[in-house]
(Lines of atoms letter the chains of each structure in order from A and count residues from 1; the text may use other names and numbers.)
(Lines give C-alpha, C1' and ligand atoms only; values in the text may rest on other atoms or scores of the structure.)
Protein backbone atom coordinates (compact mmCIF):
# COMPACT_ATOMS: atom_id res chain seq x y z
CA UNK A 1 0.00 0.00 0.00
CA UNK A 2 1.41 3.40 -0.97
CA UNK A 3 1.71 6.20 1.55
CA UNK A 4 -1.11 8.14 -0.14
CA UNK A 5 -3.39 5.13 0.32
CA UNK A 6 -2.27 4.83 3.94
CA UNK A 7 -3.37 8.39 4.59
CA UNK A 8 -6.97 7.69 3.59
CA UNK A 9 -7.15 4.17 5.01
CA UNK A 10 -8.40 3.72 8.57
CA UNK A 11 -5.51 3.52 11.00
CA UNK A 12 -5.08 0.16 12.66
CA UNK A 13 -5.14 0.51 16.43
CA UNK A 14 -1.83 0.28 18.28
CA UNK A 15 -3.19 -2.57 20.41
CA UNK A 16 -4.26 -4.55 17.35
CA UNK A 17 -0.86 -4.03 15.71
CA UNK A 18 0.93 -5.01 18.93
CA UNK A 19 -1.12 -8.19 19.37
CA UNK A 20 -0.97 -9.26 15.72
CA UNK A 21 2.77 -8.63 15.62
CA UNK A 22 3.16 -10.55 18.86
CA UNK A 23 1.26 -13.58 17.59
CA UNK A 24 3.27 -13.48 14.38
CA UNK A 25 6.48 -13.37 16.34
CA UNK A 26 5.45 -16.26 18.59
CA UNK A 27 4.62 -18.32 15.50
CA UNK A 28 8.05 -17.52 14.06
CA UNK A 29 9.80 -18.63 17.27
CA UNK A 30 7.83 -21.88 17.59
CA UNK A 31 8.46 -22.84 13.95
CA UNK A 32 12.06 -21.69 13.71
CA UNK A 33 13.69 -22.37 17.09
CA UNK A 34 14.99 -25.90 16.41
CA UNK A 35 16.75 -24.58 13.29
CA UNK A 36 18.10 -21.65 15.30
CA UNK A 37 19.49 -24.09 17.86
CA UNK A 38 21.20 -26.04 15.07
CA UNK A 39 22.61 -22.81 13.61
CA UNK A 40 24.08 -21.62 16.92
CA UNK A 41 25.58 -25.01 17.79
CA UNK A 42 27.23 -25.36 14.37
CA UNK A 43 28.56 -21.80 14.62
CA UNK A 44 30.07 -22.24 18.07
CA UNK A 45 31.34 -25.85 17.91
CA UNK A 46 34.77 -27.02 16.71
CA UNK A 47 35.05 -28.26 13.15
CA UNK A 48 33.76 -31.80 12.84
CA UNK A 49 31.50 -31.67 15.89
CA UNK A 50 28.44 -31.82 13.64
CA UNK A 51 27.99 -33.02 10.07
CA UNK A 52 25.05 -30.68 9.48
CA UNK A 53 21.59 -29.71 10.67
CA UNK A 54 20.26 -33.28 10.75
CA UNK A 55 23.24 -34.36 12.85
CA UNK A 56 22.57 -31.59 15.38
CA UNK A 57 18.95 -32.76 15.65
CA UNK A 58 20.02 -36.39 16.01
CA UNK A 59 22.56 -35.71 18.77
CA UNK A 60 20.27 -33.25 20.57
CA UNK A 61 17.36 -35.70 20.58
CA UNK A 62 19.65 -38.44 21.90
CA UNK A 63 21.07 -36.28 24.70
CA UNK A 64 18.06 -34.18 25.72
CA UNK A 65 14.97 -35.59 24.00
CA UNK A 66 12.48 -33.53 22.00
CA UNK A 67 12.51 -30.70 24.55
CA UNK A 68 16.20 -30.25 23.82
CA UNK A 69 15.36 -28.85 20.39
CA UNK A 70 13.63 -25.95 22.14
CA UNK A 71 16.34 -25.21 24.69
CA UNK A 72 16.71 -21.46 25.17
CA UNK A 73 13.31 -20.71 23.64
CA UNK A 74 11.75 -19.06 26.70
CA UNK A 75 13.63 -15.78 26.34
CA UNK A 76 12.85 -15.11 22.65
CA UNK A 77 9.27 -16.30 23.23
CA UNK A 78 8.76 -13.71 25.97
CA UNK A 79 10.71 -11.00 24.20
CA UNK A 80 9.40 -11.44 20.67
CA UNK A 81 6.24 -9.34 21.10
CA UNK A 82 7.96 -6.16 22.34
CA UNK A 83 10.86 -6.75 19.94
CA UNK A 84 8.53 -7.04 16.92
CA UNK A 85 6.52 -4.04 18.13
CA UNK A 86 9.64 -1.89 18.46
CA UNK A 87 10.99 -3.11 15.12
CA UNK A 88 7.89 -2.20 13.12
CA UNK A 89 7.42 1.06 15.06
CA UNK A 90 11.03 2.03 14.28
CA UNK A 91 10.57 1.01 10.62
CA UNK A 92 7.61 3.36 10.40
CA UNK A 93 9.67 6.09 12.09
CA UNK A 94 12.45 5.49 9.57
CA UNK A 95 10.01 6.06 6.71
CA UNK A 96 8.72 9.24 8.38
CA UNK A 97 12.31 10.50 8.65
CA UNK A 98 12.74 9.93 4.91
CA UNK A 99 9.55 11.87 4.13
CA UNK A 100 10.59 14.70 6.47
CA UNK A 101 14.00 14.90 4.79
CA UNK A 102 12.49 15.03 1.29
CA UNK A 103 9.58 17.52 1.49
CA UNK A 104 9.66 18.31 -2.23
CA UNK A 105 9.48 14.70 -3.42
CA UNK A 106 7.12 14.05 -6.35
CA UNK A 107 6.26 10.46 -5.42
CA UNK A 108 5.21 9.02 -2.08
CA UNK A 109 6.66 5.63 -3.06
CA UNK A 110 9.99 5.05 -1.33
CA UNK A 111 13.04 4.12 -3.39
CA UNK A 112 15.14 1.03 -2.59
CA UNK A 113 17.82 3.09 -0.74
CA UNK A 114 15.07 4.83 1.27
CA UNK A 115 13.47 1.51 2.21
CA UNK A 116 16.91 0.20 3.15
CA UNK A 117 17.49 3.22 5.41
CA UNK A 118 14.15 2.69 7.15
CA UNK A 119 14.93 -1.01 7.55
CA UNK A 120 18.38 -0.32 8.99
CA UNK A 121 16.94 2.35 11.29
CA UNK A 122 14.43 -0.18 12.65
CA UNK A 123 17.31 -2.28 14.01
CA UNK A 124 18.82 0.51 16.13
CA UNK A 125 16.28 0.63 19.01
CA UNK A 126 15.39 -3.04 18.52
CA UNK A 127 18.99 -4.03 19.30
CA UNK A 128 18.62 -2.79 22.87
CA UNK A 129 15.98 -5.49 23.43
CA UNK A 130 17.41 -8.09 21.06
CA UNK A 131 20.97 -8.18 22.40
CA UNK A 132 20.32 -9.39 25.99
CA UNK A 133 17.63 -11.78 24.70
CA UNK A 134 20.11 -13.27 22.22
CA UNK A 135 22.85 -13.44 24.85
CA UNK A 136 20.68 -15.47 27.25
CA UNK A 137 19.36 -17.70 24.44
CA UNK A 138 22.83 -18.48 23.08
CA UNK A 139 24.19 -19.33 26.53
CA UNK A 140 21.33 -21.78 27.11
CA UNK A 141 21.63 -23.29 23.62
CA UNK A 142 25.35 -23.98 23.92
CA UNK A 143 25.58 -25.29 27.49
CA UNK A 144 26.22 -28.96 28.05
CA UNK A 145 23.69 -31.69 28.77
CA UNK A 146 23.05 -33.86 31.83
CA UNK A 147 25.77 -33.44 34.44
CA UNK A 148 27.40 -30.72 32.30
CA UNK A 149 24.28 -28.55 32.33
CA UNK A 150 25.12 -25.24 33.99
CA UNK A 151 21.83 -23.32 34.01
CA UNK A 152 18.22 -24.19 34.80
CA UNK A 153 16.67 -21.41 32.72
CA UNK A 154 16.81 -17.73 31.72
CA UNK A 155 16.62 -16.35 35.27
CA UNK A 156 19.54 -18.52 36.32
CA UNK A 157 21.55 -17.28 33.31
CA UNK A 158 20.80 -13.61 34.08
CA UNK A 159 21.82 -14.11 37.70
CA UNK A 160 25.11 -15.76 36.69
CA UNK A 161 25.93 -13.22 33.98
CA UNK A 162 25.23 -10.28 36.28
CA UNK A 163 27.45 -11.81 38.95
CA UNK A 164 30.15 -12.35 36.32
CA UNK A 165 30.26 -8.83 34.91
CA UNK A 166 27.15 -6.81 35.66
CA UNK A 167 24.99 -5.39 32.89
CA UNK A 168 27.98 -5.33 30.53
CA UNK A 169 28.01 -9.14 30.59
CA UNK A 170 24.27 -9.40 29.94
CA UNK A 171 24.56 -6.97 27.01
CA UNK A 172 27.70 -8.56 25.56
CA UNK A 173 27.44 -8.70 21.79
CA UNK A 174 25.28 -5.59 21.36
CA UNK A 175 27.59 -4.20 18.66
CA UNK A 176 27.64 -7.54 16.84
CA UNK A 177 23.85 -7.75 17.08
CA UNK A 178 23.49 -4.34 15.40
CA UNK A 179 26.11 -5.36 12.82
CA UNK A 180 23.87 -8.32 11.99
CA UNK A 181 20.42 -6.75 12.29
CA UNK A 182 21.14 -3.39 10.66
CA UNK A 183 22.01 -4.72 7.18
CA UNK A 184 19.76 -7.75 7.76
CA UNK A 185 16.70 -5.62 8.52
CA UNK A 186 17.47 -3.39 5.52
CA UNK A 187 17.51 -6.46 3.27
CA UNK A 188 14.39 -7.87 4.93
CA UNK A 189 12.17 -4.80 4.50
CA UNK A 190 13.41 -4.02 0.99
CA UNK A 191 12.75 -7.60 -0.13
CA UNK A 192 9.38 -7.73 1.61
CA UNK A 193 8.13 -4.45 0.12
CA UNK A 194 9.39 -5.22 -3.40
CA UNK A 195 8.11 -8.80 -3.48
CA UNK A 196 4.74 -7.80 -2.05
CA UNK A 197 4.45 -4.94 -4.54
CA UNK A 198 5.31 -7.22 -7.47
CA UNK A 199 2.52 -9.62 -6.46
CA UNK A 200 -0.24 -7.00 -6.25
CA UNK A 201 -2.64 -7.38 -9.21
CA UNK A 202 -2.57 -4.52 -11.71
CA UNK A 203 -4.78 -1.73 -10.44
CA UNK A 204 -5.09 -3.42 -7.04
CA UNK A 205 -3.70 -2.70 -3.60
CA UNK A 206 -1.87 -4.55 -0.84
CA UNK A 207 -5.10 -5.49 0.94
CA UNK A 208 -6.06 -7.55 -2.12
CA UNK A 209 -3.25 -10.02 -1.42
CA UNK A 210 -4.29 -13.37 0.06
CA UNK A 211 -2.54 -14.78 3.17
CA UNK A 212 -0.47 -17.26 1.17
CA UNK A 213 0.96 -14.46 -0.97
CA UNK A 214 1.86 -12.47 2.14
CA UNK A 215 3.45 -15.61 3.64
CA UNK A 216 5.53 -16.05 0.49
CA UNK A 217 6.71 -12.43 0.64
CA UNK A 218 7.61 -12.78 4.32
CA UNK A 219 9.42 -16.07 3.74
CA UNK A 220 11.49 -14.71 0.86
CA UNK A 221 12.28 -11.58 2.88
CA UNK A 222 13.67 -13.84 5.59
CA UNK A 223 15.86 -15.62 3.05
CA UNK A 224 17.14 -12.24 1.81
CA UNK A 225 17.95 -11.19 5.36
CA UNK A 226 19.90 -14.29 6.33
CA UNK A 227 21.82 -14.34 3.07
CA UNK A 228 23.78 -11.31 4.29
CA UNK A 229 23.33 -11.67 8.08
CA UNK A 230 25.18 -14.96 8.61
CA UNK A 231 28.80 -13.65 8.89
CA UNK A 232 28.05 -11.11 11.66
CA UNK A 233 25.74 -13.69 13.26
CA UNK A 234 28.66 -16.13 13.52
CA UNK A 235 30.73 -13.43 15.25
CA UNK A 236 27.83 -12.63 17.59
CA UNK A 237 27.23 -16.26 18.53
CA UNK A 238 30.90 -16.85 19.33
CA UNK A 239 31.25 -13.64 21.32
CA UNK A 240 28.09 -14.29 23.34
CA UNK A 241 28.80 -17.97 24.04
CA UNK A 242 32.48 -17.66 24.98
CA UNK A 243 33.71 -17.51 28.60
CA UNK A 244 34.52 -14.03 29.90
CA UNK A 245 37.88 -12.77 28.68
CA UNK A 246 38.06 -14.99 25.60
CA UNK A 247 37.59 -12.08 23.19
CA UNK A 248 38.16 -8.33 23.43
CA UNK A 249 35.21 -7.62 21.16
CA UNK A 250 33.67 -8.35 17.78
CA UNK A 251 36.80 -7.34 15.84
CA UNK A 252 38.86 -9.74 17.96
CA UNK A 253 36.45 -12.60 17.21
CA UNK A 254 36.84 -11.86 13.49
CA UNK A 255 40.64 -11.72 13.70
CA UNK A 256 40.94 -15.04 15.56
CA UNK A 257 38.34 -16.77 13.38
CA UNK A 258 40.07 -15.73 10.13
CA UNK A 259 43.47 -16.71 11.51
CA UNK A 260 42.44 -20.16 12.76
CA UNK A 261 39.67 -21.23 10.40
CA UNK A 262 39.68 -18.99 7.35
CA UNK A 263 36.89 -16.90 5.80
CA UNK A 264 34.69 -19.95 5.11
CA UNK A 265 34.01 -20.15 8.86
CA UNK A 266 32.03 -16.91 8.56
CA UNK A 267 29.31 -18.91 6.83
CA UNK A 268 28.91 -21.62 9.45
CA UNK A 269 25.26 -22.26 10.17
CA UNK A 270 24.08 -21.01 6.76
CA UNK A 271 22.24 -24.29 6.10
CA UNK A 272 19.94 -24.26 9.15
CA UNK A 273 19.55 -20.48 8.86
CA UNK A 274 18.20 -20.90 5.33
CA UNK A 275 16.00 -23.84 6.38
CA UNK A 276 14.63 -21.67 9.18
CA UNK A 277 14.31 -18.41 7.25
CA UNK A 278 11.38 -19.25 5.00
CA UNK A 279 9.01 -21.14 7.32
CA UNK A 280 9.71 -18.93 10.37
CA UNK A 281 9.26 -15.63 8.56
CA UNK A 282 6.30 -16.93 6.58
CA UNK A 283 4.68 -17.94 9.88
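Note that Cβ sites are derived from N, Cα and C of the backbone, with glycine treated the same way.
Matching 68-91, 92-115, 116-139 against TrEMBL, the residues noted as transmembrane segment span 68-91. Looking at the repeat 'Solcar' (209-283) alone, the prediction's average pLDDT is 92.
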